[in-house]
Amino acid sequence: MASVSPLAKYKLVFLGDQSVGKTSIITRFMYDKFDTTYQATIGIDFLSKTMYLEDRTVRLQLWDTAGQERFRSLIPSYIRDSSVAVIVYDVANRQSFLNTSKWIEDVRTERGSDVIIVLVGNKTDLVDKRQVSIEEGDNKARDYGVIFIETSAKAGFNIKPLFRKIAAALPGMETLSSTKQEDMVDVNLKTSSNSAQGEQQRGGCAC
């Protein structure tokens with residue numbers, strides 16, 4: 001029987017302007033639900049989830065940061081030891097997309113190239129209000145050399161594929177990352193029994 005490998009832990013920090021849907025993406029991934037009541041994240045929230053892959057298990061530590069300017073000074077310390085930075089914008093809010101350049105630069109300042117960056121265009125369900133095309137998002141990701149995907153936390157669109165992309169890009173996952181993204185290994189999502197306390201403070205983002 002194969003020996004049991006130690007559980008690898010990876011820190012994912014979610015960044016982006018206020019109200020772009022960072023909390024809602026995490027909530028949809030963790031609990032497969034969407035809360036229509038908007039409640040701004042205060043400071044930093046933490047949750048964790050175990051992902052069961054083909055031949056290993058990883059623990060994802062999800063750090064949800066506040067988008068308000070008054071909390072901006074807290075964020076660099078959370079970026080510093082992160083494995084992944086997930087930078088979210090609202091496809092119906094062009095300014096939030098433009099501001100992702102600063103978020104990417106902040107991550108690179110703190111972590112250099114030693115971090116996986118994922119650019120996420122959220123709220124694709126707002127079709128009639130879209131201000132940022134998928135081509136613009138893809139081009140920006142190519143310019144910065146980061147991963148790109150569009151999602152809708154409200155509709156549950158591309159949430160699992162987002163985390164599959166992240167899992168495939170993690171250190172030690174070379175065999176997974178060599179797989180074509182559209183054929184990536186299926187992930188059995190189960191909530192970790194050691195999820196951080198504080199769930200009761202979590203509010204869904206109206207996205």
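Using N, Cα and C of the backbone, Cβ positions are placed for all residues, glycine too.
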Residues flagged as motif 'Effector region' in Swiss-Prot, choosing from 38-46, 74-82, 110-118, 164-172: 38-46
Where Ser19 (GTP binding site) sits in the secondary structure, as DSSP reduces it to three classes: coil
Whole-number mean of pLDDT values that fall within the motif 'Effector region' (38-46): 59
Same chain, 6+ residues apart, C-beta under 8 Å of the C-beta of Thr124 (GTP binding site), given in sequence order: Val91, Arg130, Glu150, Thr151, Ser152, Ala155, Phe157, Asn158
Three-class DSSP secondary structure - Thr65 (GTP binding site): strand
